[in-house]
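Student: One structure follows; several queries about it will come next.
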Amino acid sequence: MADTPKLSEVEHVKQASNYLRGTLAESLVNPLTGALYPDDTHLIKFHGSYQQTDRDLDSERKRQKLEPLYSLMIRVRVPGGIATPAQWTRMDALADHYGNGTLKLTTRQAFQLHGVLKRNLKKTIQGFNEALLDSIAGCGDVNRNVMCNPNPHESAVHAAVYEVSKQISTHLTPRTSAYWELWLNGESKFSSAPNEGEEDAEPIYGRTYLPRKFKIALAIPPHNDTDIFANDLGLIAIEERGQLVGFNVAVGGGMGMTFGMPDTYPRLASLIGFVPAEKVVDVCEKIVTIQRDWGNRENRKFSRLKYTLDRVGLDVFKAELDKRLGFALEPVRAYQFKSSGDAFGWSQSPDGAHHLTLFVEGGRVADRPGSQLKTALREIAAFHRGDFRLTGNQNLVLANVAPEDRLTIETILAQYGVAVATTSGLRRGALACVALNTCSLAFAEAERYIPQLIDRLEPVLAAYNLTHDDILIRMTGCPNGCARPYLGEIGLVGRAVGRYNLYLGAAFNGERMNKLYKEMLDEDGIVAELTPLFADYAQNRQPQEHFGDFLIRQGYVQATTSGLNFHE
Amino acid sequence: MSSSSSTLPIGFDEATLQQLTAGLSDRQLLWLSGYLYGRVGADTGAAASTLVTAAAPATAAAPAAPSLTILYGSQTGNSKKAAGIVAEAARQRGLAATVRDMNDYPTKDLKTEQQLLVVVSTQGEGDPPIAAEELHQFLLSTRAPKLPELRFAVLALGDKSYLQFCQTGFEFDQRLAELGAKRLVERVDCDVEFEAEAHRWAGQVLELIAESGPPVAAPVAATSAAAHVKATALPALAGGAAVELEEPVEYTSRNPFEAELLEKIQLNGRGSTKETYHLEFSLAGSGIEYEPGDALMVQPHNRPGLVQEVLDAARLDAAAPVRLESSELDLTTVLTERLELSVVTRDVLERYAALAPHYPQLREILTDKAALPAYLYGRDVADLLQEFPVELSGQQLAAVLRPLPARAYSIASSLLAHAEEVHLTVGAVRYQSNGRHKHGACSSFQADHLLIGDTARVWVDRNEYFKLPQDPSTDIIMVGAGTGVAPFRAFVEERAETGAAGQNWLVFGNPHFTTDFLYQTEWQQHLKRGTLHRLDVAFSRDQEAKLYIQHRLLEQSRRLYDQLENGAHFYVCGDKNRMAADVQRALLTVIAQESGQGEAYAADYLKQLRKSRRYLEDVY
């Protein structure tokens, strides 16, 4: 027993949960509180949901002798980001009916509903199910939504890569019947549940699942809009003569860190080899099982695969992988990424279909005065014969638009005041996490605030004639990294309300992280720090040189070459 | 500590006392002292009244000495108080009287009465108090005996704003006369402020009785009987020390206490359709004591906006002089502080109609009794003045209107939990009628006008019956909707502080869980600490089918019946029309179902609960 590690609290909860059941059934029906029992707040994540409170109201309600306004954020998996018009319509309606009236498109191509009350959670999930969507493994210590870049017009192999992403997603979906039992009255539509009477089993995950969340993304070069290096497992599609032949495999990416703990750091995934397409699902499974067995289950701050890798060393990890696979990965093949952003506006693919990439500020599909995006998209979903594609940058592609529908779509967008791409390069590339008022981890604003900050920066950019330059700005309310802030050419990470650390110098294509430049800046401080940098960039950049690269060349910050030197 | 034991009464030693009081906090000890004092008072009182009735036949041999009984039927305790006033007046005249509660009065005793003074109130639209139901029914039935030997008088209590004002007193008075009894003096009907009338009536009737020869019972017994009323009327909390030291100042409508508002909190979360306030008043320096179940009277001011509307509608000068009870005031002050404006009652309408004979419509409204309540509903004085304009002076207007009454609020706190404070749960009453925004006079006074640091004029109105069980191990079931939860906050706090062993079960209802769960975090704490044992909630608008408290009671049918069988007290507080009747119906269903003995049995079961004061209502 001496070598038995002291497991973290969550490990005990998982162990005792009977495959993610816990006391959720009782939690859900307790009418005296909008909250779940404490242990169940860990388990609900595996079902796709986080318990949150409206932090704007916490102190007011405390005084009113009311408990915090608890609600649930619930995340719907959309592997590869592709949803049908019927699914869009359903999500739109559920947001109105049970959510806060908005849809959040996440940085991982999922839908999020916010503000769902406990008593409506079951009906909401049943609503997903009827539209053939689910939320299982939306969060929790399992493989999350599998990302794949959505640009159908850019590559003939997109369809093949998208298929692979769905296969991976299905293969790594938890097998427990708890999801069906709790939310769907036992009925299983995509039967991953065992037959009646059999005990649950998780052949890949086991009873306690993974030590921590696990993220997989696929990308087809030259586009890295899924930011594959920020993932535990990144797969770079390699095509030869118009055919998908396989993937370069990168492991150990992850954005999260904790202030004041230099042992924690963001890290980009390391390339370890190439695998032919037909074996890629197996590679994913084996990497997951190594992390399952080797990952740190004592301290969740060090549980991600990136720490496992840096602890055992890449060579040891690769040897173990080869052993579990029964074959060795081939050498990494050549590829080139050019950008990690989205290309806005209309495009056409060789098959004649039209595609429209729409800018969605903060990924928030809402009706606002002057711009009723949500209503416009609802009307479009009613006749659109193609699909809706969520991008890794919180934007939306109306894909495979029939040529005769193009004018109608433009008319509807114009009617509801939805601009296609008239904004600044800074704004259209911006990413922000939800942060306040619902995320319990946030120290500062992000999604609600970044538009105002950009309002301040745009005149500065205009003064230096940089309005149309694509500069990646990313903001999060805490250092955990949901909007991949360490891959922003400008990264702003919340320290306290109204105070941010400023990080600079990431690569435009997502292959280099940024570095801390200034701490605890308020809005005036941010503007004051960035203004001379924009001025210098406007005057002294080289042709095609991106802002992040320029700042390093000029010596404002040192290049971060590895997670281990991120803090240096 | 040895010196203190020398002061102990015989039969007590220090060790026994220590054992009895071990582990009790100062507050608990203080409470206990009051409780024991109250219990002694109650016991001796009960013994004394038994003594009196037993003594009467024994001394019947003495010639021409008729007995005197003061018989009261009380719901809120006011009639009991009035009976106490009469008993005290009798004592001062050296007249021996037995004070009896209609609730415990065997109907057969009526035949043996010789002189009977009836004090009875009227509830709602002309109903007798529950305590008087049985006697009232018996008296009005054909089974009632002829009473030719009886001499009687009736003091009726009521509320003039109700149409069937003092109806029960009227019926007692009429029926006793029909049965051949001789009326000593004319019945007197008292409005909400009954004390002065009660004194006057008592003086008048007792004068007559005294002239016709003194009753038999010894003065000593009479004193005990009066003391019985007084002792139990005193709150147990008044405690030995306070009572023995000196007569505390009594705060009444004539002498209200200026209580500072310490805290005001809107209890409803954002987006609620309700507007409920939690108010905390300071009683510091007043010596005011109350018990859970009591009410606090709050004397409001009328809203400045309404006063202006009345002035405009009457076309009167804001500074017009008005003489009111020998003081000269300006009309604005009178309308703001002294006269009721937000409600029009029948008596006001009658006086107004007398000033406006040229409106036949007013006469019609007054004569059509069925239509009158609908006409009065939602109308205020400004409406009346606008609808039937007349030329009148400020003095005339003041004479038409009734005094601005204080409003009673069930107290939401326990003194043991909040020393020298009283808390209220006040729902702001706001609505539209006759095309104008209307505001409840006293609720809006507290919601809008009264700020933290301001003072309000208050006094305690004792509720004789809506009280926690004497036995702390008795279970209680508390059913309250909306602000009806107020007294239960006081109950639970009190039982938490005293460590009462009985189960506390609360059933609460309101429209929405997220915004209207009044005192949610307090209940959660009580549940966690084990000072609240069960909480059922009904949020009517959170699902498609409306769901109310009574549905929860029906769901918990077995548990509810078991607790009643186990001796639990059942309390209902809240809206009389919309809730109390539904709750009672649900309870009847539960009893019928769980006993398996049908509806008639259930009706009788409930009646017995009421009679034994285990089914208690505080409804409004």
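Easy rule for this one: first residue shown is 1, then count along the chain.
Every residue gets a Cβ built from N, Cα and C, even glycine.
Dumping what TrEMBL says about this protein:
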- A:72-130: domain 'Nitrite/Sulfite reductase ferredoxin-like' (DOMAIN)
- A:167-326: domain 'Nitrite/sulphite reductase 4Fe-4S' (DOMAIN)
- A:349-415: domain 'Nitrite/Sulfite reductase ferredoxin-like' (DOMAIN)
- A:Cys433, A:Cys439, A:Cys478, A:Cys482: [4Fe-4S] cluster binding site (BINDING)
- A:Cys482: siroheme binding site (BINDING)
Student: Among the binding-site residues listed here, A:Cys433, A:Cys439, A:Cys482, which has the most company in the form of other Cβ atoms within 10 Å of its Cβ?
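Tutor: The residue with the densest Cβ neighbourhood is A:Cys433.
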Student: Inside 8 A of the center formed by the CB atoms of A:Cys433, A:Cys439, A:Cys478, A:Cys482, which other residues of the chain have their CB, for the recorded [4Fe-4S] cluster site?
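Tutor: Residues close to the [4Fe-4S] cluster site, other than A:Cys433, A:Cys439, A:Cys478, A:Cys482: A:Val434, A:Ala435, A:Leu441, A:Ala442, A:Ala446, A:Thr476, A:Gly477, A:Asn480, A:Gly481, A:Ala483.
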Student: Return the residues near A:Cys478 ([4Fe-4S] cluster binding site) by Cβ distance under 8 Å, restricted to its own chain and a separation of at least 6 in sequence.
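Tutor: Expected: A:Ala435, A:Cys439, A:Leu441, A:Ala442, A:Phe443, A:Ala444, A:Val493, A:Gly494.
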Student: When DSSP states are grouped into helix, strand and coil, how many residues of the domain 'Nitrite/Sulfite reductase ferredoxin-like' (A:349-415) land in each?
Tutor: 25 helix, 21 strand, 21 coil
Student: Pull the DSSP breakdown for the domain 'Nitrite/Sulfite reductase ferredoxin-like' (A:72-130) and write it out as helix, strand, coil residue counts.
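Tutor: The composition, in the requested order, is 29 helix, 17 strand, 13 coil.
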